[in-house]
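Trainee: Checked TrEMBL, it gives:
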- A:10-42: repeat 'WD' (REPEAT)
- A:55-96: repeat 'WD' (REPEAT)
- A:99-132: repeat 'WD' (REPEAT)
- A:144-176: repeat 'WD' (REPEAT)
- A:190-222: repeat 'WD' (REPEAT)
- A:299-335: repeat 'WD' (REPEAT)
Amino acid sequence: MSKLELLQTLNGHKGIVWNVSWHPLGNIFASCGEDKTIKLWSKEGQDWTIKTVLVDGHQRTIREVAWSPCGNFLASASFDATTAIWDKKSGQFECNATLEGHENEVKSVAWSPSGQLLATCGRDKSVWVWEVTGDDEYECEAVLNAHNQDVKKVVWHPTMDLLASASYDNSVKLYKEDKVDSDWSCVATLQSHESTVWSLAFDKTGERLATCSDDKTVKIWKEYKVDNQEGVIVTERESTWKCVCTLSGYHTRCIYDISWCHQTGLIATACGDDIIRIFREAEDSDPNAPTFELICTKLEAHPQDVNCVTWNPSGNKELISSSDNGEIKIWKFEE
Amino acid sequence: MTKLADNINPHIYEKGTEREITASDLDENVVDEIDEREIFDLIRNINDPEHPLTLEELRVVEESNISVDNKQNTVDVNFTPTIPHCSMATLIGLSIRVQLLRALPSRFKVTVKVAEGTHASEHAVNKQLADKERVAAALENNNLVQIINQCVAIK
């Protein structure tokens with residue numbers, strides 16, 4: 001019987017905790033929210049404690065934080081229309097660059113796998129790609145206006161410079177750079193959700209994508225490359241992404257976040273019904289019509305909405321979640 | 001220039017009576033669950049953004065359009081804009097939502113919607129009111145919060 005064992009409850013924030021982000025080594029994490037602060041946590045003995053609090057970086061809610069793949073930089077996206085980049089070259093964490101350009105709320109920020117690119121998105125319906133051009137220098141590479149409503153989340157492919165975005169317009173879009181003219185453009189639109197898509201996560205291969213939505217479903221999408229053996233038709237020499245699985249009937253309210261562990265293959269979801277659910281692909285799962293089984297339901301994981309879930313990147317089956325009431329919880333998945 | 005109200009001549013209804021206090025209400029040994037009437041009492045006196053009238057007097061909110069489930073911890077409020085093209089529908093919905101967020105225990109999941117078939121952009125208004133991120137961002141806008149506070153203030 002598998003279960004989520006609560007390791008610790010952390011009450012450091014006031015108000016909504018929107019997001020938590022693991023450091024790539026999995027021994028530190030950052031959290032942010034309505035109280036406009038970023039807190040950095042690490043373990044002291046058995047207990048997670050606040051090591052640093054970053055204040056004065058933003059004027060409004062901080063919606064998301066993201067560690068760079070090298071672990072030296074932290075990016076924060078805020079409703080104040082800016083994205084801040086923090087590092088501790090001087091010995092302690094400081095904001096050494098601010099990315100401005102979005103008209104209003106920035107809702108998500110993500111580093112590309114190489115750490116050379118950064119993506120942001122927001123209520124102004126646009127997705128921006130930024131290039132790291134030098135020490136504390138960032139240049140806008142592209143402004144992508146493919147969505148027709150606010151963009152909730154951006155996520156990079158685990159190994160390539162392929163970007164995915166999720167939107168209030170119910171769709172997911174994928175973008176990449178054309179190597180010939182170095183122009184970024186939308187290369188695929190994934191349409192099947194019936195309401196806002198709140199979050200998305202690639203599996204470790206990057207050939208599958210899981211999306212979660214206000215329509216109370218999770219969908220799994222599979223990439224069919226130009227030379228696919230299944231006979232799926234592709235156009236204009238770009239892969240086709242097909243929805244190969246819909247998990248419906250499990251969640252009872254909006255699903256705010258999804259995390260796909262690259263070590264264990266487990267999928268965790270954060271839901272407005274206060275529940276964390278864990279899904280695992282069945283052993284005899286057909287790649288073209290996969291089966292995912294609900295293997296764990298943590299009722300009342302938090303007393304209010306669960307906003308964020310994220311697996312420890314080290315693969316030790318630790319999961320962090322955050323909620324509207326200021327709580328962060330650390331869980332361990334056990335079989 | 002002052003903008004003319006969308007509905008310059010709305011129908012005005014009479015206010016209902018106050019809640020009757022029964023013997024069991026005063027009995028300390030009886031648990032008083034939050035009920036539809038209590039929710040109605042919390043929102044009936046919200047002021048309409050355009051008229052010096054309450055949502056009850058305009059019949060934008062009615063007790064029969066409220067449902068409460070204390071087991072599931074849900075409160076659902078359907079409101080009825082006075083005209084199908086009311087540009088204030090989102091603001092009215094937001095005022096109801098804010099009032100309930102402030103007044104109710106946090107265990108409740110509050111859903112505020114335009115009653116079915118009563119607004120031209122019903123779906124868009126409902127989607128916006130249900131999006132907690134948009135609501136959170138709206139509530140950081142001081143001008144908007146001031147307007148909402150005027151709506152929910154008791155006159």
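Every residue gets a Cβ built from N, Cα and C, even glycine.
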Trainee: Any chance the repeat 'WD' (A:299-335) and the repeat 'WD' (A:10-42) have 3 or more Cβ pairs under 8 A, given the pairs are 6 or more apart in sequence?
Mentor: yes
Trainee: With a Cβ cut-off under 8 Å, give me the same-chain residues at least six positions beyond the ends of the repeat 'WD' (A:144-176) that come close to it.
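Mentor: 105, 107-114, 117, 119-129, 184-191, 193-202, 204-206, 209, 211, 213, 215, 221, 241, 262.
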Trainee: Grab the same-chain neighbours of the repeat 'WD' (A:190-222) for me: Cβ-Cβ under 8 Å, and only residues 6 or more beyond its ends, written as numbers and ranges.
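Mentor: The answer is 152-153, 155, 157-160, 162, 164, 166-168, 170-174, 241-248, 250-260, 262-263, 265, 267, 269, 279, 287-288, 290, 292.
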Trainee: Just give the helix, strand and coil counts over the repeat 'WD' (A:299-335), going by DSSP.
Mentor: 0 helix, 19 strand, 18 coil
